[in-house]
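J.: Questions regarding the structure given below will be posed in turn.
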Amino acid sequence: MHTLDLQSYPGASDWHLEALHALRLAQPSLIILLVLVSLVRPYVLARARTRVADIDTEADAAAPSSGRLSPTSAAPQPTPVMIPVRSRRRALNHFLLLALAATHVASGGLIALRAALPDHVWTPSLPRWVGSDIAALTGLLAWALVAGACAIEARTRGQYGRGKVLGSILIGAFTDAAILGLYASSGGSDFPKTGRWTAAQLAIILVRLAVLYPACALACSDSTRFVRAADLRANAAARAREQQAAGASSSRAAAPANEASSLLTGPANGTNTNYGSTSASTPAPTSGANTPATQQAPKQAGAPGQASGVMGLSVGANTPAPTVKIFAARIASLFPYLWPKDSVSLQSLALLCALILVAGRIVNLFVPLTLGNVVDDLTEGKTPWADLVLYAGLKALQGNGGLLSVAQSYAWIPVEQWSDRALSIMAFEKLLDLSMAFHTKRKTGEVLRILDRGSVISSFFQYLFFQVTPIFVDLAVAVFFLWRRFGWGTGVTLAVVMVVYTWVSVAMTTWRTALRRQANNLDSVSRAIHADSLLNWETIKGFSAESYEVERYRKALLAYQASAFKVTASLSLLNMVQNLIITFGTLLASLLVASAVVRGEATSSDFVVMLTYVTQVVGPLNWLGTLYRVIQQNLVDTDKLVELLAQESDVKDLPGAQDLVVTNGEIEFRDVVFSYDGKVNALAGVSFKINMRSSCALVGESGAGKSSILRLLYRFYDIQSGQILIDGQDISKVTQKSLRNAIGIVPQEPSLFNTDIKHNILYGDHNASDEGVEAAARAAQIWDRIQGFPDGMSTVVGERGVRLSGGEKQRVALARTFLKNPKILLLDEATSALDTSTEQLLQTALSTLLDGRSSLTIAHRLSTIVNSDRIVVLDAGRVVESGSHTDLVGRNGVYAGMWRAQINEAKSASGEALSKEDAK
């Protein structure tokens, strides 16, 4: 039995049917026109106001001045700036607008479904439903446009105009009510015969009229209160002060303890070293002679990538958008690091991965075609077993868990590991090759973070080639296939929808990235308050400020949660918009193919093929926003690593440089001028000579240039002018390796590796025998102490030797130098921080080590260098005195004054000790 829709509608006049058709088309057209006018109107009015203002200005300039002040100029009155603060109903309004759009999606889905199922009825061909397919598509577009216009206005102007929403609701409600009225008046007596398809369509209209239109109108009546801008600024300033306090405490808590300065590490954390200072109370020179360049010019606040002044946290600049140009430049610069040019087997695996990628695209095309064959077999009553087996086999090959994907992953693992290994080794070699100028300015944590994140380079290419590229290849194949199979309309529809989908995904992901960054910063503020409270626990208890701190933390947590809500809500909005676009595209393609099925131009299997293929192609697009964000972050990380790899060392071997040959160990500085920053000279014309196999000591105030001399002798820096000679050979013209092999260093604060004692001693000579290691340890007066450890030579010393005492670390470093057996020895105040008994052991070991070698010593306690063959006194980067201890004391100059000051200090300390002893 036929339903009402299939009858001839005897009660329906022509004007009823024409009115129904006109109303269906008029509703979306009027809504779209209203939205476009509302969007253009502000710009037209602003342009008109600007033109009127220009005319008034010209007229005022042409008119003669009356010599009287206008009321405004005579008595200017400041107008308080009021800022609207809206309620959050706009989110509900946006949701309801999209719900209205979804009703048109449902209407179009019913049309497509009715055409695809048996009887294949094309609803728009029925008299009362002519144009319903166009109405469904344009209605979806109209309400989506209203929602989009409101969202854009809310983001750009801070509020959206409610006129367009209310006007659209009135248009929709009036036309839908008229459609229902005309439908009822043209065939009201036939309603009991109405089929389920027509009932569903009418129910959708009733839902819009009874629920969505009223709800949306109520949501538009959101309340807006106006607040003085000064009040808002005061509240913002209060929050900023609170964040600043939290951020400052965070930076204090996060800052590591100052690394001990030494010849090898240079000034730590931008502080001057105290090498050779004669007294703790001696004022340091103000010239900053031995201060590296980074200490001379503090960073300007607010510069991108620097510490935030409010939060005390490192907030990087906004990540750049990954344009095609950036992609091409990054691929060109990184590809040589990732392509295994020297391995044929790895190249073959990479080629195999590419072939598997192509095979996957072919499988994706044949899966829906095979399913269509199964539908044809079932429709024609044939046995579909062969096609079903083929379909199952293709599905086993398809997808992330399919055999092709698994094979590709296995084949790519060796290539990925090779690229990671090659890049890591290259970056590590680069770091070791860079000069001291780089290492004194770098932040260890930042460099390590760059190296860690640099490992994403291979992931970057993996995402690009195995995730993003297949998506767009599949889309291109799908557009071409649908064009050839179903006509240009279906292909163009899919292409347009995919372009819109990609653009919206990229734009909204960029917006969400900013929201996520803000949430992360606020999360850091709340965590900083945690750290601040823990560090100042006693102060909080002393002032009974527990409730204040809890309230401070509560406010910070609320601010973070409000921002986190935006992040989560924006993700839901992104998913909804993406789904809406995909639904619109699927609906439009379904309508086109369904109409072809009804007209007999296509079969039911064609509809299944199209729907399966479109669903299969658009599925991976759901990850497009995530992939875009990951690739964008990977670009930033790889950019930092490439920048690190592009760093050039300031100290390089000259072409054809020869190895240093040390025979006598004679050292000479000839009018050496050196500056760390090119502005202030650390050394200004320093000249002195150390005869062969003799000892020389450097003394002077802090910042006089003593440590700079040792660094230059090791050639950690190059000098601006002058010469440094060893046995007549300019050290700038010999290889750095041979120079440093000839010199041994015993620093004030030895740097030991976090391995066992034997490994640390073997650093002096990796090829030494166990007997040689033992002999070096005995010579350094540390062997007996090592034997007292439970693990002996296998004792792990901890980071920088933290598990050893200061004297033990010094003697391990001394044993390392014994094993190296250098021709020249540098002593960087090796006994300044040791107790008397330990110092005596070290002095015994040092006397053995110094025998027959040229040495240069930095001294703090002058009593340790009285036996030196020569003492060089430095002041502000210049040599002011030179000679033996006896000669310098007799001259009654700078050295003599330093000597007397230390003698008096020692006597004073001794007297205080005796007084305390007598008091006991």
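Just so you know, glycine gets a Cβ as well, placed from its N, Cα and C.
Taken from TrEMBL, the feature transmembrane segment covers 25-44, 95-117, 129-153, 165-185, 197-220, 460-482, 488-508, 580-598. What TrEMBL records for 259-305 is region 'Disordered'. The annotation compositional bias 'Low complexity' is assigned in TrEMBL to 276-305. Under the heading domain 'ABC transmembrane type-1', TrEMBL lists 351-633. Look at TrEMBL and you will find 667-901 tagged as domain 'ABC transporter'.
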J.: Taking 3+ C-beta pairs under 8 angstroms (sequence gap of 6 or more) as contact, is the transmembrane segment (165-185) in contact with the transmembrane segment (580-598)?
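T.: When sequence-distant Cβ pairs are counted, the transmembrane segment (580-598) does not touch the transmembrane segment (165-185), since fewer than 3 lie under 8 Å.
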J.: Given the cut-off of 8 Å on Cβ pairs that are 6 or more apart in sequence, determine whether the transmembrane segment (197-220) and the transmembrane segment (95-117) share at least 3 such pairs.
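T.: Yes, the stretches contact each other.
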J.: For the domain 'ABC transporter' (667-901), provide the mean pLDDT of the predicted model.
T.: 82
J.: What residues elsewhere in the chain lie close to the transmembrane segment (129-153), defined as a C-beta under 8 angstroms and at least 6 residues from its ends?
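T.: For the transmembrane segment (129-153), the sequence-distant neighbours (Cβ-Cβ under 8 Å, at least 6 residues beyond its ends) are 5, 17, 20-21, 24-25, 27-29, 31-32, 35, 38-39, 90, 93-94, 97-98, 100-101, 103-105, 107-108, 111, 123, 159-161, 164-165, 168, 198, 201, 580, 584, 587-588, 591, 595.
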